[in-house]
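Single-structure report; data block below.
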């Protein structure tokens, strides 16, 4: 009986418009129409005015259009602080004449556009929850316990979007565009938690978003940007309907230095395997302390705390895995416990 097979490629980038490495994959045999998603780390500031995300997205849209391919999920996360390396992670899938044997599964979906007045509110949570369920169906994953990472690109509020909403007589959750990034990430993460049965949707209200950090998802990774108005969703997990050498597991870091949990997750994966990708979330602990010691990431008026966190957690993970092309996304509201976050590890078994 046929099955689906996933492929994962980590490609270096010399800039947000450098898609040559991915085009080289196409030249060497990867079918462009088999690509379902591209995750990128671009070298902007990762904040509201980070235009490297949109630049990279447009570069990939142009590339895929040359091959007649449409509908690829293109999710760009800005910020390669510290020694993090700009890169792309390309996810592809194909049907093969091999029985399913429980392997990495990939599913994608997009939600309808989110009205600005719904951003950071309960409506966004419910919209994302439906999108995650759709992506799980696309991946052939029935059990939420088999989901190990849910990557979401969500919108933010710009001055123009705020003005348009208010001109229509509607109110928005905040007038602070930077704060809107956190609200959007947080609501999207809670949507993941609802979809996976980690939280009861009836128990969450607008006031809980980015305030009740005891509510979180074990595997949500959300990144906000001004280059979209909907949500792009990628679900990664394990499914018996898939075959191939790729496997995934994940850890939930309890704080920014919780290397132990990450190492334990790696140990659960096949020993005779090579690292295919590492995907992680990072945030400054809102308590202002890590393991009881004070940090100053939240007190820096020049550099956003999310930028500090990406650099810090990136260094921790680089020390564990020995690579710097790590997908580390900042801002982990409701994505793991406060100050922590999920880390997904994808490996390829040696043949």
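Note that Cβ sites are derived from N, Cα and C of the backbone, with glycine treated the same way.
Following the DSSP three-state reduction, the secondary structure of residue 153 (active site) is strand. Cβ contacts within 10 Å of residue 153 (active site), excluding its own Cβ and spanning all protein chains shown: 28. The active site annotation in Swiss-Prot covers 153.
The active site, nucleophile annotation in Swiss-Prot covers 223. In the three-state DSSP scheme, residue 223 (active site, nucleophile) falls into the strand class. Long-range C-beta contacts of residue 223 (active site, nucleophile), restricted to its own chain and to partners at least six residues apart, with a cutoff below 8 Å, comprise 75, 76, 77, 151, 152, 153, 154, 185, 329, 331.
A strand conformation is recorded for residue 330 (substrate binding site) in the three-state DSSP classification. The Cβ of residue 330 (substrate binding site) has 28 neighbouring Cβ atoms from other residues within 10 Å, across all protein chains displayed. The substrate binding site feature in Swiss-Prot is assigned to 53, 77, 78, 185, 223, 224, 310, 329, 330.
Summarising the annotation, Swiss-Prot assigns Mg(2+) binding site to 283, 332, 335, 336, 337, 340. Sequence-distant neighbours of residue 283 (Mg(2+) binding site) (same chain, six or more apart, CB under 8 Å from its CB) are 305, 306, 309, 330, 331, 332, 333, 335, 338, 339, 341, listed in sequence order. According to DSSP, residue 283 (Mg(2+) binding site) sits in a coil region rather than a helix or strand.
What Swiss-Prot lists as region 'RU A' is 1-96, and the listing cites sequence analysis.
Per Swiss-Prot, the feature region 'RU B' maps to 103-240. Summarising model confidence by region, the region 'RU B' (103-240) averages a pLDDT of 97.
The annotation region 'RU C' is assigned in Swiss-Prot to 246-351 on the grounds of sequence analysis.
Residue 306 (site 'Important for substrate specificity') has a Cβ environment of 26 other Cβ atoms inside 10 Å. Marked as site 'Important for substrate specificity' by Swiss-Prot on the basis of sequence analysis: 306.
The two recorded residues, residue 337 (Mg(2+) binding site) and residue 78 (substrate binding site), have Cα atoms 22 Å apart. Comparing residue 340 (Mg(2+) binding site) with residue 78 (substrate binding site), their Cα atoms are 19 Å apart once rounded. Helix first, then strand, then coil: DSSP counts for the region 'RU C' (246-351) stand at 27 helix, 36 strand, 43 coil. With DSSP classes pooled into helix, strand and coil, the tally for the region 'RU A' (1-96) is 26 helix, 34 strand, 36 coil.
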